[in-house]
């Protein structure tokens, strides 16, 4: 078999990037140098892989789920000592032997595994990552990026935006039309760069966990006012004290609360509950 005879598998969510301008843009925003150890998720036919290997990098390790592509990729890059390939599902692949060496992660993410991919590589509130990723460059569904970057009082505001913005710096580079892929997906994509915050730049872990707790209970009932949501974890007296401490309008709905106010709300909850 060769690449021409290989057909994309729908079950793997394969939409291969064929727009050379976007391939070059990914390489550009990665800001690669000779110290970089790249993890590429889902190299496909190796179009982006080729451009990355042409850069001054230390190494590129690719993880590909499709077994039919393994021999083809190994053959294509057999003369490049910087290249290594692993067959497997990135959601369950063991990367322990190289994880501390990886500096940048680059991927055209299958839409059906976006959530788990974000949890693994960007991280979660209340969990300190042992990874050393400087940049994570993802090509992902535009609607998801809209949600991640949304601000309070917007239609896309939600728990995901607060969580992602608290643990990483995020920048949308450009939107990418369906015609840039083969086969074209039904929706637009966005090229986005995440820079995970170092542990010393993160909030206190206990505070992060409480924020996460508040986000979960609040956005599960996003039409309810915060006052009514807090009834499930605080007494009426505690809610009154919290209103004084946090200076937040408790008639607000969760999507109308800014990130800074979520922090104040969690700090107030911790202070009140620790006194009792």
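Note: Cβ is positioned from N, Cα and C throughout, glycine not excepted.
Positions annotated as S-adenosyl-L-methionine binding site by Swiss-Prot: 15, 17, 42, 64, 89, 108. Packing around residue 17 (S-adenosyl-L-methionine binding site) is summarised by its Cβ count: 20 other Cβ atoms lie within 10 angstroms of its Cβ, all protein chains included.
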Counting Cβ neighbours within 10 Å across all chains shown, tell me which of the binding-site residues 64, 89 comes out on top. 64
Residues with Cβ closer than 8 Å to the Cβ of residue 108 (S-adenosyl-L-methionine binding site), same chain and 6+ apart in sequence? 15, 16, 17, 42, 44, 48, 138, 139
Could you tell me the maximum Cα-Cα distance in Å between the residues recorded as binding S-adenosyl-L-methionine, namely 15, 17, 42, 64, 89, 108, rounded to a whole number? 20
For residue 42 (S-adenosyl-L-methionine binding site), the number of other Cβ atoms found within 10 Å of its own Cβ: 22
